[in-house]
């Protein structure tokens, strides 16, 4: 009877030791391994509760997730402090790093940072800095250029009125590290030389008769009467 009883006691002791070791793994005190900084930790899922002031970062790999306690959230995440646990949350899709969900610090490629937002292009009046990916400062606009030739449908003649325009470019548009600022332009109405060179004026048509008053035409005919030569019969 003693042998089976001793064997039963040994099995019970082994089960107790196994349960104790499992509890030790699940309750970490920050002494090392993947449970550093954890209050509750499991071998399968890592940390689920962190020590005070630390942030819980959940890394997802497929359907599995693994928790880790960090002093600072990794790039692409920002920290939110809560009553029970501090968590790391992912930044917006266009942010490389952020201060909060609505305020980016650095943008991903093809986007520019402007007042905490990541935009595909910088707004008018700002310069796009290619190295920092930021929209910086106000554009320094240069003076207005000269007026263009007055044209109508691409021609400088043949019409009564046309349009002329001028532009005002940014003073720093040639900066190597900056994109061109928005160019300002304005147009105004202008008179055009109505007949083009070599063309008849609109009032002159081919084969048009003399439209002077009849009495003037008769006077010209009277003045054009030539004296008859002697010996010629009428």
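Every residue gets a Cβ built from N, Cα and C, even glycine.
Keep in mind the model is a prediction, meaning the values are calculated, not measured.
Looking at the stretches 145-189, 190-234, the one that Swiss-Prot records under the feature region 'Disordered' is 190-234. In sequence order, the recorded positions near residue 95 (disulfide bond) (Cα within 10 Å of its Cα) are 107, 118, drawn from 34, 69, 73, 107, 118, 122. The Cβ of residue 50 (disulfide bond) has 37, 38, 39, 56, 69, 85, 86 as same-chain neighbours under 8 Å, each 6 or more residues away in sequence. In sequence order, 92, 94, 95, 104, 107, 108, 111, 112 make up the list of same-chain residues 6 or more apart from residue 118 (disulfide bond) whose Cβ falls under 8 Å from its Cβ. The Cβ of residue 91 (disulfide bond) lies under 8 Å from the Cβ of 76, 77, 78, 97, 98, 101, 104, each of these being in the same chain and 6 or more residues away along the sequence. Distance noted between the C-alpha atoms of residue 150 (disulfide bond) and residue 190 (disulfide bond) is 6 Å. For the disulfide-bonded residues listed here (88, 95), the lowest count of other CB atoms within 10 A around the CB belongs to 88.
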